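Take a look at the structure below.
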Amino acid sequence: MKRLRTSLALALTAAFALSACNDGSSANDTTAEQTAQPSAGAETNEPVAGGDLRFALVAAPTGVDPQQVGSNVSIYIARSIADSLTDQDPTTGEIVPWLAEKWETNEDLTEFTFTLKPGITFSDGSPLTAQVVKENFDSIVEDLGALAPLGSGYLSGYEGTTVTDELTFTVAFDAPNAQFLQATATQALAIVSSDTVKTSPEERLQGQVIGTGPFVVESYTQDQGAVLAKREGYDWASPAFEHSGDAYLDKITFTVVPESGVRTGGLVSGQFDAISDALPQDITQIEGAGGKVLTRSNPGLPFVLHLNVAREPLNDPAVRKALNPGINRQELVDTVLSDQFNPATSILAATTPGHADQSGLLAFDPDAAKKILEEAGWVTGGDGIREKDGKKLSFSVVYAQLFSGNQAVLELTQQQLRAIGVDLQLKQATPAEQAEILASGDYEAYYYNSTRAEGDVLRTSFHAGLRNIAQREADDVLEPVLEASLAEADSAKRNELLGQAQELIIENAYAIPLFELSQSIGVAGNVHGLGFEASSRLKFYDTWIAEQ
Amino acid sequence: MLRYVTKRVAQAIIVVWAAYTLTFVILYLLPSDPVSIMLNQSQDGHVDEALAERLRAEYGFDQSTLTQYANLLGRAIQGDFGTSIANGARVSDLIAQVFPETLKLAGLAFLFTILGGTALAVASIATANKRLQQFLLALPPLGVSVPGFWIGLILLQVFSFTFPVFPAIGNDGFKSLVLPALTLAIPLSAMVAQVLADSLHSTWREPYVETARAKGLTRWQAITRHTFKNAAVPALTITGMLVGGLFAGSVVVETVFSRAGFGRLVQTSVQAQDIPVIQGFVVLAAVIFVAVNLLVDVLYPLLDPRIRSANLALAA
């Protein structure tokens, strides 16, 4: 009996091996055929319409209303439903027409006049008019307010919108507002229908949003996901897209899959076509199954230690200035992150228009750091931590675990700073606690990042009259530069001002940039044309699935 | 009997109230509050304080803790748990939406648990082979000590990713229910097997079983006719506890398998500190837990005449 079983097993194994050989040879044959007929190979490069893209999201979206949401996963969905007045080219950062075919500004950048493309309709059939745009902007400022934190920030100083005719309108501000043009390209100022403006904010989040976008909301389930369906007759794609006309995909099904192993396993086994937040350790598995991982750095502020200059010991400029050469950013990326991430080269991420490389000022040089501290009178104590007048060179940083690598990054930063005699204490907070601490001003350093494809993020974060996380007094060096950048229409001159601001912030070490956050999207081998927009969020309009 | 039931119902009400009050205290002791969590959507810590104050007033968070407690409890007694802070939906609607899904999952998992646990325990006594018996008896401690999410990931790896038999995620039909129910059932059935096997083995040594065997009954007959019914009483006791295990387990299992359900709702509500939803969940879970235990108490006398006479004596 035993012998019989063994021989049976052997026979089965042999049969298996043989069939595997057969598969191999037939596969080779097909490859040979394909090389012989180039047309067959070219077929896979020609986009095909149709299909349902199954996308696994790392976290639950907060809703689908582009004007109210702020998290990446929510924007992935909301961005495809509604279009914006302008679009931003992700490679050049240039603002290009979308719903608006042209625009002009007055001399001092307080008035922006747009002309809409004719013939654009919302998915409920109502036409896009200047009046609808006015209703949108008015309601963001008056009704949504803090519920639309991004949009109401972009519209700060909003005086009103004047409708000139069916397709022309002028948006006016009480002060120069150079950042507004880029803001019109973001999802936060996407235009929704007149009916949607009148719908309650809660219902809008839950799926009742009508836009002009290439997809419409078919269903949305809180904490579960959303289904978007293609809109027929879409004909106003921006030049930043690859094609025009209808989108290729019939449907996009978003499902929330919090467990990273399940996202990767699902992608590899063909249960998903694309996944968000592919982890570094999963890349080999995804590539092994014929897929790929797309990455792009988020523009805006990289992850920074924003220092409170009103507190000891960070009120000592020498202490702040010693931190930049004391940190080995390349080591952060190599050791606790992966090569999908880039070390910071300035206080703006490299994908931000107006980014000016400051890597000379950010080079790792522990000896220089020690020298700065010693010259300022900080001497090494018994425990390796420097002291001055009996006070330890120690400060704490408040952070939240919003990005999974945060703790590891800060722990390594802690070790690096310890090597130059600085003691960094880590204080983890929940996002809610973090908000409370920030509002109270009771922190020594604050760790965060901020995504925006516009250099104006420098002004909103560092200007003494705005968020001012560094708790600086206004001075006649940085504030004038930041204010001038908001009033400068010429983009070359503006970039020069933004470059000056970056240099000033790094030289004075108001904030210590560490690394650039990066989006990492796993896609199956047959998914093509999935790309990032200028703010590194996904766009599905050009995406298509090749038949297998 | 009636007095016995009345007494148990009164006890049950106290348990539900205590659960409600305890969650209230815990949720209000937390340092953060749901309004700032909701307003910190862009997650950079920037919250509009004026709006936050207005919303806090709207939800009554500006009143004294005692007033809030009295108001909430008053409404809860009338079955009104208010609306979710995170998304404005009615708590009863939210729960009604997902509860059937968890009920399906828990129902199948309960079936797997009872079948698996009983089969393992009975097999361990039915076999005369000492080695096999020891092997079978070693399984329950192993099953109890392995974390649920790990079992889930292993099952997914094998039966979904490597051999695509079952879907990895979702709520589509019976197929999507099998792996989550198994994941939930494995640790629980190990618990049942442990208790039942223990009690079967001690009953097996009772003199009346020996007598029955001496009268010529086979091993199997002695188990089914004489041992099992008496040994089942302790196992019935932990059945009540299983319900708690099923609810607790659903939080992990529904997250791993990306299923809509009660556990998932609770997980996101706890993250958002959505007090009304959590309170609604706790009360419903406590009511179910208490009801099942009450049912178990009432079932005891039917299984074991000794308990019946004791109860009657108490009630007389």
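Heads up, the Cβ atoms here are built off N, Cα and C, so glycines get one too.
As annotated by TrEMBL, domain 'ABC transmembrane type-1' applies to B:99-300.
What TrEMBL lists as transmembrane segment is B:12-30 (among others). Taking Cβ pairs closer than 8 Å, the transmembrane segment (B:12-30) reaches residues 65, 68-69, 72-73, 76, 273, 275, 278-279, 282-283, 285-287, 290-291, 293-294 in its own chain, all 6 or more past its ends.
Under the heading transmembrane segment, TrEMBL lists B:105-128 (among others). Remote same-chain residues near the transmembrane segment (B:105-128) are listed as 136-137, 139-140, 177-178, 180-182, 184-186, 188-193, 196-197, 200-201, 204, 219-220, 223, 227-228, 235, 239, 242-243, 246-247, 249-250, 253-254, 259, 261 (criterion: CB distance under 8 Å, separation of at least six residues from the stretch ends).
Under the heading transmembrane segment, TrEMBL lists B:135-157 (among others). Counting residues 6+ beyond its ends, the transmembrane segment (B:135-157) has Cβ neighbours under 8 Å at 120, 123-124, 127, 168, 179-180, 182-184, 186-187, 189-191, 193-194, 197, 249, 252-253, 255-257 in the same chain.
Per TrEMBL, transmembrane segment is recorded for B:177-197 (among others). When Cβ-Cβ distances below 8 Å are used as the criterion, the transmembrane segment (B:177-197) is approached by residues 104-106, 108-110, 112-118, 120-122, 124-125, 136-137, 139-144, 146, 148, 151-152, 155-156, 159-160, 166, 231-232, 234-235, 238-239, 242, 245-246, 249-250, 253-254, 256-257, 259 of the same chain, each at least six residues removed from its ends.
Positions annotated as transmembrane segment by TrEMBL: B:235-257 (among others). Residues of the same chain lying 6 or more positions beyond the ends of the transmembrane segment (B:235-257) and with a Cβ under 8 Å from any Cβ of it are 102, 105-106, 109-110, 113-114, 117, 121, 148-149, 152-153, 156, 168-170, 176, 179-180, 183-184, 187-188, 191-192, 195-196, 199, 263-264, 266-267, 285, 288-289, 292-293, 296, 299-300, 303.
Residues annotated as transmembrane segment in TrEMBL: B:277-300 (among others).
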